[in-house]
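Structure first, commentary second.
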Amino acid sequence: MTARLRSVLLDTPLFVFVGFVVVAALPYLGLDFYWQRQVMLIAVYTLLCSGLNLSFGYAGELALGQVAVFASGAYAAAILFNHGHTDILLAFAVATVLAGVAGLVSGVPGLRLSHWSLALVSFFFVLLIPSLVTILKEYTGGNAGLPGVLGPTLFGRPLFGKEFYLVAIAVTLLWMLVMRNMVVSRFGAFLRVMAESPTLAESLGGSVYLLRVQAYVIGALPAGIAGVLFTYMTGFISPTAFTLTLLIALLAATVLGGADSVWGAPVGAAILVLGPLQAASFQKYSTAVYGAFLIFVGVAFSMGLAGLARILRRRLLERRLAAPAAAAEGGAEPAALSIPGQRLEVTGVAKAFAGLKALNGVDLVVEPGTITAIIGANGAGKTTLLNLISGVLRADEGTVTLAGRQITGLRAHRVSRLGVGRTFQTPLIPPRMTVLEVVESGRLRDGEVGLLKAIVRLPAHYRVRRQDREAALAALSFAGLGHLADQPAGSLPLGTRRLLEVVRAVAGKPHVLLLDEPAAGLDDDGLRELEMLMRRTREAGGTVVLVEHNVPFVMDVADQVFAMELGRVIASGPPEAVRRDQRVIDSYLGRRGQVAEESGVA
Ligand SMILES: Nc1ncnc2c1ncn2[C@@H]1O[C@H](COP(=O)(O)OP(=O)(O)OP(=O)(O)O)[C@@H](O)[C@H]1O
């Protein structure tokens, strides 16, 4: 057994292989023809739902064109067959290319505009099926359909009955392994982050547009393959097989199985095929029932069965996880980390929102190995400044340079890849990731996504993922949070989530670290941990920019302070000097003291 095959086998849950071997063996154990068809239909729907998982569940796009791509694969197989090209591998290849093209044609313009444009464009493709079938009647048979598409070949050998069944199961397993490899790769991590927040994905170095196109196009590929299997399974196709009802049913099955789970697809597909909704008396009401079911599942059970299984599994494992993790840290020295800080220089930046000058000629220089704080009243322009540096916003005027290199006007993911890490005023933490996964995602900005390497599990994929994991563990230990590694991030209190954001940014070893109000809402313990983390980051060489309202904290931790008012810097220098500056007292510190006194806060 080669190392790669071994790794594919060992990294895949055993139940998957056992399950597929059992399913593949069923016809040899006496499963009759009717049930063989039902199982193959589950395989077909699994492929369709799995593609939807990627584009809809993981990438968060309402991709409604799956049925159209399914139809293109089905017609491709039938037309090839009728022209004497019976090889099923050829049909798979053509259907996959067609699916990719259909995905690109509908996805590229749709995704460039907005969520809803993609939904509309892809939905339009489904509505187009009957017209296209009529226009291409010569090849498609029009409304009457194409009968007698039976008995494809594989390398010249006809595939009937059990052999075709085996091909259907094997192809489905293969796709599921590809899907699983993608989901556990850096690409999958980006998708999970993006589903939580596109802004976060960009700030971690992912081009949201590119990720969406990739997820949408790749999600279309299994639908093309499913089309080929469906054609050869039924032996007959017509436009009546590719309806809106099927689309709604697939969406319902995807959500029910678990939209952001690899193994939710076969579960949802099995329920769709075997469930009570298949009764003949139900057919007339199918669209309404599936629609109502979709709404119900989407609103009341959006986690799906996979989400439920995750919760149960977590509860079962909770005890076991707590013990070794706590033991692992047990008073050990925090890991050492080197953070390659670079000089950040902001010169004359200005930004207006509909005439309101949020920034009006701001200059700022931050040296490596220092903490620079920016203070000022609400609306002074502090967050806008961080957004300009990190590429979330474009400056109207002025420049931003990193180690002398201009980064002005670059998109957020490019700025991130050049070494700017950041946190957000409201922590952006994907709740379904574990703490370790969240911190690992901070490493995504460094190096390539490596989608193909992940799919075929090249050694480079393992090396990168191992390095990601080690760096994330080191960053957690650096922050004294190693004992939380296996906790679901969503279960953490707000203060710990704030710290976690900082740790995620530190794990990416950024050249500049931008922190937006990290101390907000932290209790005394949290503040101490944050202060320690920031001091360690500075000692490790980091360039830190801190926007913060907690003045005592700022005065304690910062090397230099910039005070802002109405988009301008009104004072800068060492903390004590800025604290005594009369303009700063009048515009900010005095007012904060007054507010604190009025509210009884010391
Ligand atoms: N996207 C936007 N569209 C319109 N106005 C905006 C936008 N972002 C910020 N502003 C305005 O720009 C000004 C500066 O806002 P900014 O959020 O940068 O202030 P801040 O100093 O960070 O305040 P706070 O301490 O409350 O976070 C405010 O008047 C704000 O209303």
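Keep in mind that glycine also has a Cβ here, set from the backbone N, Cα and C atoms.
Here TrEMBL flags 344-591 as domain 'ABC transporter'.
Taken from TrEMBL, the feature transmembrane segment applies to 12-31 (among others).
Only residues 6 or more beyond the boundaries of the transmembrane segment (38-56), in the same chain, are considered here, and those with a CB under 8 A from a CB of the stretch are 23, 26, 31, 62-63, 66-67, 69-70, 165, 168-169, 171-172, 175-176, 179, 182, 191, 215-216, 218-223, 225-226, 229-230, 233, 250-251, 253-254, 257, 259-262, 264-266, 268-270, 272-274. The transmembrane segment annotation in TrEMBL covers 38-56 (among others).
Sequence annotations record features per position, and here TrEMBL assigns transmembrane segment to 62-81 (among others).
What TrEMBL lists as transmembrane segment is 88-108 (among others). If one looks beyond the transmembrane segment (88-108) by at least 6 residues along the same chain, the residues whose Cβ comes under 8 Å of a Cβ in the stretch are 63, 65, 68-69, 72-73, 76-77, 80-81, 118, 121-122, 125, 152-155, 159, 167, 171, 212-213, 216-221, 223-225, 227-228, 232.
The transmembrane segment annotation in TrEMBL covers 114-136 (among others). The list of residues near the transmembrane segment (114-136) in space but at least 6 beyond its ends in sequence, with Cβ under 8 angstroms from a Cβ of it, reads 61-69, 71, 75, 102, 106-107, 142-143, 212, 216, 238-239, 242, 244, 247.
For 164-189 (among others), the entry in TrEMBL reads transmembrane segment.
Annotation comment: TrEMBL describes 209-232 (among others) as transmembrane segment. Here the transmembrane segment (209-232) has Cβ contacts under 8 Å with residues 40, 43-45, 47-48, 50-56, 58-59, 61, 63, 65-67, 69-78, 81, 88, 91-92, 95-96, 98-100, 102-104, 107-108, 111-112, 118, 149-152, 159, 164, 168, 171, 175, 179, 182, 187, 190-191, 194, 201, 241, 451 of the same chain, all six or more residues outside its ends.
Long-range contacts of the transmembrane segment (244-277) within the same chain: residues 13, 16, 38, 41-50, 52-53, 56-58, 64, 66-67, 126-127, 176, 179-180, 183, 192, 195, 286-287, 289-291, 293-294, 297-298, 301-307, 309-310, 432, each at least 6 residues beyond the stretch ends and with a Cβ under 8 Å from a Cβ of the stretch. The transmembrane segment annotation in TrEMBL covers 244-277 (among others).
If you look up TrEMBL, you'll see 289-312 (among others) marked as transmembrane segment.
Within its own chain, the transmembrane segment (62-81) has Cβ neighbours under 8 Å at 48, 51-52, 55-56, 88, 90-91, 94-95, 98-99, 102-103, 106-107, 115-116, 118-119, 121-123, 125-126, 128-129, 133, 139-140, 146, 149, 152, 216, 219-220, 223-228, 230-232, 237, 239, 241-244, 246-247, 250-251, counting only residues six or more beyond its boundaries.
Averaged over the domain 'ABC transporter' (344-591), the predicted model reaches a pLDDT of 91. For the transmembrane segment (12-31), same-chain residues at least 6 beyond its ends with a Cβ under 8 Å from one of its own Cβ atoms are 39, 161-162, 165-166, 169-170, 173, 176-177, 180, 263.
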